[in-house]
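> So TrEMBL says this about it:
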BINDING   K203  ATP binding site
COMPBIAS  1-13  compositional bias 'Polar residues'
COMPBIAS  19-29  compositional bias 'Basic and acidic residues'
COMPBIAS  30-59  compositional bias 'Polar residues'
COMPBIAS  70-105  compositional bias 'Polar residues'
COMPBIAS  107-121  compositional bias 'Low complexity'
COMPBIAS  122-134  compositional bias 'Polar residues'
DOMAIN    174-429  domain 'Protein kinase'
DOMAIN    430-485  domain 'AGC-kinase C-terminal'
REGION    1-142  region 'Disordered'
Amino acid sequence: MQTATYPASSGDQATKVDGYMDRQPEDKSNSPAQNQRGNDSQQEDQNSMEKNSSNSVWTSGIPAALEEATMSQPAPSTSEGPQVETMQSMQQNEGARPGQQQPSNIADKSAPSSSEAASRSTENNQYKNAGKNTDNLRDRQMRKSRLSQLLDLQRKRIRPADHSTKGRYGIQDFDFLQTLGTGSFGRVHLVQSKHNRLFYAIKVLEKRRVVDMKQVEHTCDERHILSRVQHPFITILWGTFQDAKNLFMVMDFAEGGELFSLLRKCHRFPEKVAKFYAAEVILALDYLHHNQIVYRDLKPENLLLDRFGHLKIVDFGFAKRVSTNNCFTLCGTPDYLAPEIISLKPYNKAADWWSLGIFIFEMLAGYPPFYSENPMKLYENILEGSISYPQYFSHASIDLMDHLLQRDITSRYGNLKDGSMDIIMHPWFRDISWDKILTRKVEVPYVPPIRAGMGDSSQFESYATGPTNYGNNENPEFSDIFQDF
Ligand SMILES: Nc1ncnc2c1ncn2[C@@H]1O[C@H](COP(=O)(O)OP(=O)(O)OP(=O)(O)O)[C@@H](O)[C@H]1O
């Protein structure tokens, strides 16, 4: 779990929902309620930006679009200066990866341009006229049916129910290296296979903590669901095993770190970038929902980047197999909770589409729409549902978020007769090639600056080495409860 370095203020200590820790935006300097950070923390941020900027690499193809999108967003006035500068300084300081073109002259392009406002207004006008001029109904129908066929193929890729990951590996198969992240029940380690020398991530869960926090069912669901799903944007579970005290889940190592960290470094993403990450998430949610799985914990902390810059959803600790409206558990991350969950009403996959709306907002604004340091106020804000969109959001993005952030689930996009198609076909995604997104043929906005395949954990926070006295098989605990592992 990413620990926020945002200064804690009174009353904002971790809130637990169903055993999970709350998050605090590290920086919501451009939020309606501006933060009051001291010089020290600003200096710290500056230092960390400089450190990070020299590492960051933006791929060659996207930057022009990325810059345009970034620069066409008037920056809100904040004590820390505009986000635009932040993004630009990241770009200016980047080093070129071997074989990659240095992004074209960013400094020149950063000069204020009178065409920016014009281009935004053209974009908005295009959106307003979209129904009249482009997208005639027949084209739309054809696109929709082509897309449905494509998605159907992916949706059917599910491993058989009797596919077992149990006992496929043991502690003796891996060298345990540093900690990549910590969670409520243990930690995730970088490991190296003693056989093929490849690097993996192993999530270790302490059985006693899982039992004490009444998370047995969630943990078993996580293992079961992850062992069956097969999707380009979902982490692969290679195997599970246990020792006397711990459960182990062997996953592929997502080397690029958390999207959360990238977002906090950039403060907010240009629309093109947000659209790209949203598109990958949508395809993963579409896949899960068609396989009767609701994810229930969408947030930037659970979205990791692989070495190429594509997303991998991790942490299926709240994922659940569902039929219709049959979830009641209060779980998820407060900022991302759908109103029906807070009201303790039965809820379904529509809750994930609500979270998608929050996710898109947070990527574009740098803070979630209902943010409050006071958890009760946060819940009130969510239930009340009034959203103040920053003026630099495009009409199309606002329209999509309005349709996702519908308190009434019978009006929420994703939950209507056409399901996810309403989202996929929304004008905000007009320039997205869904088939290319699915086949990962789209140029990514950001390639993590790592030495791929070398066990490079530079994109993760450093942790003091934790307990790694794993592998003790004496006096096994709870083996009846965790017999599936
Ligand atoms: N496959 C992976 N590759 C690289 N890092 C990973 C991987 N899976 C998890 N991590 C890191 O470990 C952190 C904790 O993982 P995860 O969220 O799955 O644990 P958790 O115990 O369920 O945490 P939480 O209590 O926050 O739900 C992640 O935020 C991420 O930084």
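Using the three backbone atoms N, Cα and C, a Cβ is placed for every residue, glycine included.
Quick one: how deep are these features, and who are their neighbours?
The number of other Cβ atoms within 10 Å of the Cβ belonging to K203 (ATP binding site), over all protein chains shown, comes to 26. K203 (ATP binding site) falls within a strand segment according to DSSP.
Computed over the domain 'AGC-kinase C-terminal' (430-485), the whole-number mean pLDDT of the model equals 89.
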